[in-house]
Amino acid sequence: MEESKEEVHVAFFPFMTPGHSIPMLDLVRLFIARGVKTTVFTTPLNAPNISKYLNIIQDSSSNKNTIYVTPFPSKEAGLPEGVESQDSTTSPEMTLKFFVAMELLQDPLDVFLKETKPHCLVADNFFPYATDIASKYGIPRFVFQFTGFFPMSVMMALNRFHPQNSVSSDDDPFLVPSLPHDIKLTKSQLQREYEGSDGIDTALSRLCNGAGRALFTSYGVIFNSFYQLEPDYVDYYTNTMGKRSRVWHVGPVSLCNRRHVEGKSGRGRSASISEHLCLEWLNAKEPNSVIYVCFGSLTCFSNEQLKEIATALERCEEYFIWVLKGGKDNEQEWLPQGFEERVEGKGLIIRGWAPQVLILDHEAIGGFVTHCGWNSTLESISAGVPMVTWPIYAEQFYNEKLVTDVLKVGVKVGSMKWSETTGATHLKHEEIEKALKQIMVGEEVLEMRKRASKLKEMAYNAVEEGGSSYSHLTSLIDDLMASKAVLQKF
């Protein structure tokens with residue numbers, strides 16, 4: 001059987017931002033562990049991190065699993081050299097140009113598929129053109145879906161029934177019809193449609209709108225989720241999609257590192273703190289005594305909001321780890337005077353990239369203040385850690401509803417309005433401090449921890465042999481082997 005698997009060659013095309021690329025690379029590792037040949041299509045500045053991460057479990061003498069590097073179209077898109085990931089952009093205008101660059105990868109992808117002749121292509125949902133290009137060579141294209149079944153079900157219900165049109169105010173709640181649970185939202189919380197009429201904005205519009213179509217036109221969709229987490233919504237999604245639905249749930253993919261400490265610390269960019277120092281700090285703390293605060297790779301709060309967060313962390317008198325984007329350059333504009341001296345020993349500030357899975361998995365972590373990105377949400381669930389939910393953009397308000405209303409393992413901080421990565425709701429330190437205390441002390445959090453612990457157990461069971469996600473990955477590989485025999489020849 002292993003010999004047959006080696007004959008199957010799977011190509012991967014990750015979208016170039018950590019929230020999308022990291023889980024896809026976890027998926028690559030899962031395929032490698034099953035003996036499948038893999039090739040990752042990427043660009044020069046992204047290649048070193050990919051190579052480092054995948055080589056953690058690879059035999060360095062083997063060339064079965066490779067990286068195909070194509071030049072990044074910086075000049076053509078109007079980007080400066082060195083910007084090859086969305087989280088490296090520094091303005092909305094630069095972000096839009098980055099999406100132009102993503103669209104300009106169509107011809108290089110065509111060349112890649114023609115040269116490497118993989119048996120299938122797994123491409124991020126943000127590359128709708130991948131389906132047509134792969135089809136030219138008789139290659140089935142799979143979508144790697146970067147959200148869960150619950151947020152996808154919410155989007156489908158909103159698009160089908162348009163309940164948001166029944167309210168007169170952006171702040172009036174409405175019930176999302178047809179879902180298994182009573183889910184209420186406001187217009188202010190809805191994911192914004194990316195619309196553009198000309199120029200740079202058109203590329204973003206095409207990619208985002210095409211992402212929805214890709215779910216219908218691709219060979220199938222791979223979800224980073226597991227059945228036991230959201231069974232009602234797996235069923236809702238597949239029933240709504242009907243015959244068009246070929247779905248595999250193979251998550252949580254981050255658990256590919258569950259037996260590799262170096263894998264937990266090596267995901268994404270090089271961490272801004274050593275694994276040793278991070279664990280040494282955490283090992284000195286009691287179980288469930290530390291709050292972890294991180295808002296993902298794209299969130300940019302105002303100086304005023306950062307100051308409120310700092311004040312809340314100091315006043316709540318709990319141990320904390322706070323991940324800040326970037327260095328100390330502008331901290332004098334908002335960091336309370338003497339803050340670091342006053343919280344020394346109590347607070348650990350990580351400036352830059354943090355080994356999030358390593359941190360969340362530590363028994364000292366008692367709560368996670370999160371933007372509710374799907375990866376962070378799933379990683380917290382996999383670690384059995386309750387959350388303080390602070391959604392900002394994308395589908396994060398939908399993920400918050402899953403955490404707080406369905407799974408009941410989170411406390412809302414009070415974010416109410418969708419925005420472009422900056423946080424439209426300005427929250428005072430009193431509100432933040434209240435949520436921090438709710439997630440760390442009292443009877444309510446004890447019940448949350450019990451539920452979170454049960455979800456962690458379910459997550460681990462799902463990826464072990466015989467579990468739902470393990471079995472779905474086996475089914476996916478078997479389907480690839482079966483389809484390989486009938487693929488068109490070059």
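Residue 1 is the first one shown; counting continues down the chain.
Positions of Cβ are set from backbone N, Cα and C atoms, glycine also.
Summarising the annotation, Swiss-Prot assigns active site, proton acceptor to His20 and lists similarity to another entry as the type of evidence. Annotation comment: Swiss-Prot describes Asp124 as active site, charge relay, evidence class similarity to another entry. Sequence annotations record features per position, and here Swiss-Prot assigns UDP binding site to Ser297, Trp353, Ala354, His371, Asn375, Ser376, Glu379, Tyr393.
Here the features listed in Swiss-Prot are painted onto the structure.
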residue : record                       : DSSP class
His20   : active site, proton acceptor : helix
Asp124  : active site, charge relay    : strand
Ser297  : UDP binding site             : coil
Trp353  : UDP binding site             : coil
His371  : UDP binding site             : coil
Ser376  : UDP binding site             : helix
Tyr393  : UDP binding site             : coil
Separation of alpha carbons, the residue listed as 'active site, charge relay' and Tyr393 (UDP binding site) (Å): 19
Inter-residue Cα distance where the pair is the residue listed as 'active site, proton acceptor' and Ala354 (UDP binding site), in Å: 17
Cα-to-Cα gap, His371 (UDP binding site) vs His20 (active site, proton acceptor), nearest whole Å: 15
Rounded distance in angstrom between the Cα atoms of His20 (active site, proton acceptor) and Glu379 (UDP binding site): 14
Most Cβ neighbours inside 10 Å, all chains, among the binding-site residues Ser297, Asn375, Ser376: Asn375
Ala354 (UDP binding site): tally of other CB atoms within 10 A of its CB: 24
Neighbourhood of Glu379 (UDP binding site), C-beta criterion under 8 angstroms, separation at least six: Pro252, Ser254, Gln356, Val357, Leu360
Rounded Cα-Cα span from the residue listed as 'active site, charge relay' to Asn375 (UDP binding site), Å: 14
Among Trp353, Tyr393 [binding-site residues], residue with fewest other Cβ within 10 Å: Trp353
Count of other CB atoms lying within 10 Å of the CB belonging to His20 (active site, proton acceptor): 20
Between the residue listed as 'active site, charge relay' and Ser376 (UDP binding site): CA-CA distance (Å): 18
